[in-house]
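Participant: Structure below; questions to follow.
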Amino acid sequence: MVTVSTPNGFSLDNSGRRVVVDPVTRIEGHMRVEVNVDENNVIRNAVSTGTMWRGLEVILKGRDPRDAWAFTERICGVCTGTHALTSVRAVENALNISIPENANTIRNIMQLTLYVHDHLVHFYHLHALDWVDVVSGLKADPKATSELAQSISSWPKSSPGYFRDVQARLRKFVESGQLGPFKNAYWGHEAYKLPPEANLMATAHYLEALDFQKEIVKIHTIFGGKNPHPNWLVGGVPCPINIDGNGGVGAINIERLNLVSSIIDQSIDFINQVYIPDLVAIAGFYKGWLYGGGLSSTSLMSYGDIPERANDYSDKSLQLPRGVILNGKLDEIHEVDLTAADQVQEFVNHSWYKYADESKGLHPWDGVTEPNYVLGPNAKGTKTRIEAVDEGAKYSWIKSPRWKGHAVEVGPLARYVIGYAQNKPEFKEPVDQLLKALDVPVTALFSTLGRTAARGLECAWAAEKMRYYQDKLIRTIKSGDESTANTAKWEPSSWPKSAKGVGFTEAPRGALGHWIRIEDTKIANYQAVVPTTWNGSPRDTKGNIGAFEASLLDTPVADPNQPLEILRTLHSFDPCLACSTHVMAPDGQEVTRVTVR
Ligand code: NFE
Ligand code: MG
């Protein structure tokens, strides 16, 4: 055994066999992970690599800052909208532009819509199959499945006949040999613990969620014209309100507001009657599998989001928690300052980028994005196909962001743990209820399942908040205020010669910041530091490992040729490589490759 301790408290040993998963599927973008397992098949070293490069930050240079949102939004079609929102906030911050109250409310509804859509799709379509053995559902008794479903929820689609129909559809799929979306999973793996009836129920809900998710995004089409990539605007929102219909053009009328309301109600019902009961039922069968904590039990960060008041981005206004927890000290919450040169910094000494002195991190206002693909001495491969990485050298297209030098985990679990530590009832109470229902201690939160549970609770929270902001919007409109945009500073001639700003959001996957420098009305530098950049970061100059790598350590893998446990934990972060490496080079892609050597 050659054990090396990392500065952030993890032990690594790369003497055992290497298991490679490349690409990791059911995520957004291209990612590879290499782990070393010891003689008992326990993971002792983990190396995660972003295998695609995107040049969005470079493309932005020299452009009009008012257009930046439309480019940054194309960073990703999954967390669509959140980069645009972050971008307009950065430009507004730089140019000191305020927005009307209705614009803030509509932006909140748009952002919460993204949460609900993203979390629901993640749970059912990207993550559930790590816990649910779809093929086992063929053995289920439809009557017993119906009894199970009715014992956990009042959701109407729960009759024996309904589950018999779903089972027949599933059988057709399997017998045709064309499993479609259910192909390439490790069906029958010993790490699956659900009885056939729970597997059938969850599969039925997978299909229902697939159908329902297309309803949720209609809210983006109403306020933003389309989805993915709805429209945004520096100074407000681009959709005028025209309630009485007399004169003027307005996209937002009563009929459309009623449609938004009805979709919000349906979302609340689906989450409370399907998603949450499924989450609790599935977690109940896996509560002994508490691996995957990693950085979540030590260091977590959230910037906060969903400002109650327009133009007020203080802790008091932000409805999602803000702060940093270090080294597991839940009683000490540090303040985040995104303008401080020594707080958020990105390092590239293990990333395929270069700048003059790589021993130092750069604050994003001074950030550099210059690609530099060099494989280390122990690596094998070419630009389009990596055979092995060398974690002692550069090994990822993801940079390494750090907060005051610390690697931190971001995302729903970070937000919930910080809210819990701040004793905010909205976050603490649902967590305590869930822990009680599952009969597990609070430490169970720091795990793969904790991450998955926090996302579910947050989805329910977000849907309720949508209802709140929709009601607020209607109240304000009724009071006679139809203002949605401030165009006072639209003309670049009104701007200062030089300006810089920062915009932040909590994207579904975690803390997101955009930093902009404007010179002579054009973008001089633009840097995005993205949730999956934080979580999927490679090592930094000191040797601290990031959240994906930390979370995989010490996890037993039942069968290294079918590394379901690795997927389970990585999927719990909902990785997005498109975001984290912000034009992709699809050459050399393969469908799942698992290598053990
Ligand atoms: Ni492409 Fe994204 C989110 C952002 S990434 S999904 O949520 O920002 O990590
Ligand atoms: Mg970046």
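The count begins at 1 with the first shown residue.
A Cβ is built for glycine as well, from the same backbone N, Cα and C atoms used for every other residue.
Pulled these from TrEMBL:
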type    : residues             : note
BINDING : GLU57, HIS582        : Mg(2+) binding site
BINDING : CYS76, CYS79, CYS576 : Ni(2+) binding site
BINDING : CYS79, CYS579        : Fe cation binding site
Participant: Enter the number of other CB atoms within 10 angstroms of the CB of CYS579 (Fe cation binding site).
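Facilitator: By my count, 27.
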Participant: For the recorded Ni(2+) site formed by CYS76, CYS79, CYS576, name the remaining residues of the chain with Cβ within 8 Å of the site's Cβ center, in chain order.
Facilitator: GLU28, ILE75, GLY77, VAL78, THR80, THR82, HIS83, ALA507, PRO508, ARG509, VAL530, THR532, ALA578, CYS579
Participant: So which of GLU57, CYS76, CYS579, listed as binding-site residues, have a Cβ under 6 Å from an atom of ligand 1?
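Facilitator: Within range of ligand 1: CYS76, CYS579.
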Participant: Determine, to the nearest whole angstrom, how far the Cα atom of CYS579 (Fe cation binding site) is from the Cα atom of GLU57 (Mg(2+) binding site).
Facilitator: 11
Participant: Restricting to the same chain and to sequence separations of six or more, state which residues have a Cβ under 8 Å from that of CYS79 (Ni(2+) binding site).
Facilitator: LEU114, ASP118, ALA507, PRO508, ARG509, CYS576, CYS579
Participant: Any idea what the Cα distance is from GLU57 (Mg(2+) binding site) over to CYS76 (Ni(2+) binding site), rounded to a whole Å?
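Facilitator: Here the two Cα atoms lie 13 Å apart.
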